[in-house]
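Remarks on the structure that follows.
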Amino acid sequence: MSAKALVTYRSAAASRVTLLDSLKTYPSILRKKIKKQKLYAGDFVEGEIIGDQFVIEKIEPRKNLLVRPPVANVDNVLVVMAMRSPNFDSYLLDNFLAVYEYKKIEPIIIFNKIDLLEDKRELETWIDLYQNIGYEVVALSAMQEDGIKKIKKYIQGDITIVAGPSGAGKSTLLSKLLGIDLKTGEVNHKLGRGRHTTTAVTLYPFNHNSFIADTPGFSKVEATYFIDKREVHRYFREFLRYQCKFPDCTHTNEPGCAVEEAVKKGEISCNRFKNYLKIMQFFWKEFDTICK
Ligand SMILES: Nc1nc2c(ncn2[C@@H]2O[C@H](COP(=O)(O)OP(=O)(O)OP(=O)(O)O)[C@@H](O)[C@H]2O)c(=O)[nH]1
Ligand SMILES: [Zn+2]
């Protein structure tokens with residue numbers, strides 16, 4: 001009898017699938033006629049249980065495929081940013097957001113380590129900014145339970161990865177989400193750093209039919225490494241609300257630029273626009289007069 005499953009473990013040599021109805025897990029192999037096809041964690045497959053193995057007969061088309069970590073069909077990324085230790089860096093966050101928008105993966109912003117803040121006003125400003133743009137934002141301390149429930153609700157039924165700078169608290173958050181003790185600082189990517197080790201990815205199930213990868217994504221990204229410079233403007237969500245004179249306007253001093261107008265009116269955040277211009281390596285001479 002044919003069954004549907006999700007690939008929840010993948011290394012160079014082996015794979016495992018989890019059945020979507022019963023959540024039972026089996027070691028898996030590819031049927032001979034599709035042996036040449038690539039298989040990734042996150043692949044939805046069809047196949048048959050033969051003995052104690054799942055024989056994959058068909059790999060469903062992927063909606064996306066990440067290289068780091070190698071996971072297919074990713075719905076969400078938890079972009080974990082510490083407020084302190086290391087200090088919050090909005091330029092880094094805006095690069096992350098642009099890259100995942102480009103990859104069509106929904107970013108959820110996690111402001112972590114809020115227990116280290118004496119004054120919460122700065123945090124509130126950042127929360128407002130990113131919520132107004134249209135992102136889900138959760139501010140928490142990954143050492144505590146508060147906020148974890150909210151994250152679980154957002155990623156219910158989805159495939160999710162975590163990303164963020166080194167030391168931001170990705171492993172701590174993962175352990176809390178999964179309720180297991182992945183030792184802090186020892187998540188997969190660290191184990192995988194040895195010379196002769198290969199990287200394996202596990203998707204851990206939690207709640208019902210929600211899966212999260214144990215291997216973190218990028219700790220640092222440059223938007224222009226992935227995205228053509230002239231296209232970056234498409235991945236700053238709030239810019240899409242405005243129509244410039246030229247449909248391919250890059251908002252770098254073109255005539256009739258509605259985005260620059262919106263910055264002048266205070267509708268677009270100066271900080272976001274500053275980060276955008278930095279990505280574009282563009283100096284806008286009016287910036288300092290408009291954004292004080
Ligand atoms: N005060 C405080 N410390 C935290 C919090 N979350 C994590 N930490 C600490 O921050 C340090 C880094 O946390 P990790 O979870 O290892 O961070 P990571 O993002 O996985 O780091 P890398 O493995 O380097 O990528 C650890 O010492 C954690 O105990 C938090 O909410 N508050
Ligand atoms: Zn424009």
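Here the Cβ of each residue, glycine as well, is placed from N, Cα and C on the backbone.
Just so you know, TrEMBL annotations are computer predictions that nobody has curated.
Record features (TrEMBL):
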BINDING   Asn112, Lys113, Ile114, Asp115, Gly164, Pro165, Ser166, Gly167, Ala168, Gly169, Lys170, Ser171, Thr172  GTP binding site
BINDING   Cys244, Cys249, His251, Cys257  Zn(2+) binding site
DOMAIN    63-221  domain 'CP-type G'
DOMAIN    72-219  domain 'EngC GTPase'
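Here the features listed in TrEMBL are painted onto the structure.
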residue : record              : DSSP (3 states)
Ile114  : GTP binding site    : helix
Gly164  : GTP binding site    : coil
Lys170  : GTP binding site    : helix
Cys244  : Zn(2+) binding site : coil
Cys249  : Zn(2+) binding site : coil
Cys257  : Zn(2+) binding site : coil
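With a cut-off of 6 Å between Cβ and the nearest atom of ligand 1, the binding-site residues Cys244, His251, Cys257 reduce to an empty set. Within 10 Å of its Cβ, the residue among the binding-site residues Lys170, His251 with the fewest other Cβ atoms is His251. Under DSSP, the residues of the domain 'EngC GTPase' (72-219) split into helix, strand and coil as follows: 49 helix, 34 strand, 65 coil. Residues listed for GTP, Asn112, Lys113, Ile114, Asp115, Gly164, Pro165, Ser166, Gly167, Ala168, Gly169, Lys170, Ser171, Thr172, cover a largest CA to CA span of 18 Å. Cys257 (Zn(2+) binding site) is surrounded by 18 other CB atoms, counting those within 10 A of its CB over all protein chains shown. Checking each of the binding-site residues Cys244, Cys249, His251, Cys257 against Lys170 (GTP binding site) by C-alpha distance, the shortest gap belongs to His251. Within the set of binding-site residues Asn112, Gly164, Thr172, Cys244, Cys249, His251, Cys244, Cys249, His251 have a CB atom less than 6 Å from some atom of ligand 2. If you measure from the Cα atom of Ser166 (GTP binding site) to that of His251 (Zn(2+) binding site), you get 32 Å. Ranked by Cα separation from Cys257 (Zn(2+) binding site), the binding-site residues Ile114, Gly164, Ala168, Thr172 are led by Gly164. Each of the binding-site residues Asn112, Ser166, Thr172 was scored by the other Cβ atoms within 10 Å of its Cβ; the lowest score goes to Ser166. Here the CA atom of Ile114 (GTP binding site) lies 34 Å from the CA atom of His251 (Zn(2+) binding site).
Comparing CA positions across the binding-site residues Ile114, Gly164, Ala168, the one lying closest to Cys244 (Zn(2+) binding site) turns out to be Gly164. Considering other CB atoms within 10 Å as the measure, the emptiest surroundings among the binding-site residues Ile114, Gly164 are those of Ile114. The C-beta environment of Cys249 (Zn(2+) binding site), restricted to residues of the same chain at least 6 apart in sequence and closer than 8 Å, consists of His233, Gly256, Cys257, Ala258, Val259.
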